[in-house]
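This report concerns only the one structure given below.
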Amino acid sequence: RSFARTLLMFLGLVLWGAAAALAFGGAFVILMYKNYECFLQESFLPLPGWLAIAAAIVLLPTGILAISISAKSSRYRQGVLMYLLLILLCLEMSSAVLAQIYSTRMASELKSTMGHLFYQYSGPYSENPGSRAVDKIQRKLQCCGVQNYTDWVTAATVSWDLPAEKACVPKSCCKEKFSHCRGDLCQLEQLFQEGCLRKLEDQLHFVMLYVFWCCTVLSILELLAGFSNGILMRHQPFQDLRIL
């Protein structure tokens, strides 16, 4: 019984602190979708993030309850804790499963979506949302082209406002420290050379994997908290079923 109390107090502290890590992962998923919405066709992509944030909010009272029960048992608080742990398990496992599904699905969808937007690029001063999204992702991820900078060499891709005798890339491919860069392929040292597809895929995979493992580890800890709470409940059984 004393071991169960100690374990429950420890897990309460861990769960309370883990709320910040889970909320960070959920916010990262949502912000990533907003930043690269043009390239991510799946409209439900932020769902794992929102579920993770909801779980993080529920984790705060759950951690406080676990700590208070370890100090002084109360059959009503113990019953509420069990309910909260059940809700958390549902939220976290749903978020983990969705994160794993989207991580595998988006890898194939990104290539076609990104390729289409890059092919339709109409210049750095275009009002086309797709063209602005291309410039934005190249600056933000410090990349150039879909696979690499050579994607812009194709005539169909660089036909927006360039002289025919000079192959260039958009100015968004230029490194910030080169203020006079014009996207000239003869000056590769001034350009980002890595492709945007690989960088966005890596970022997407990282954030989804982070949410997946956060939810999985927390689910295991919550099962331990439920087990410890169950041991304490055996020593203070319910007198009736009104709590249910």
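Positions of Cβ are set from backbone N, Cα and C atoms, glycine also.
Quantities reported herein were computed from a predicted structural model and do not represent experimental measurements.
Here TrEMBL flags 7-30, 50-69, 81-102, 207-232 as transmembrane segment. The disulfide bond annotation in TrEMBL covers Cys143-Cys174.
Around the Cβ of Cys143 (disulfide bond), 22 further Cβ atoms fall within 10 Å across all displayed protein chains. Under 8 Å, Cβ to Cβ, and six or more positions away along its own chain, Cys174 (disulfide bond) finds Cys181, Arg182, Gly183, Gln190, Leu191, Phe192.
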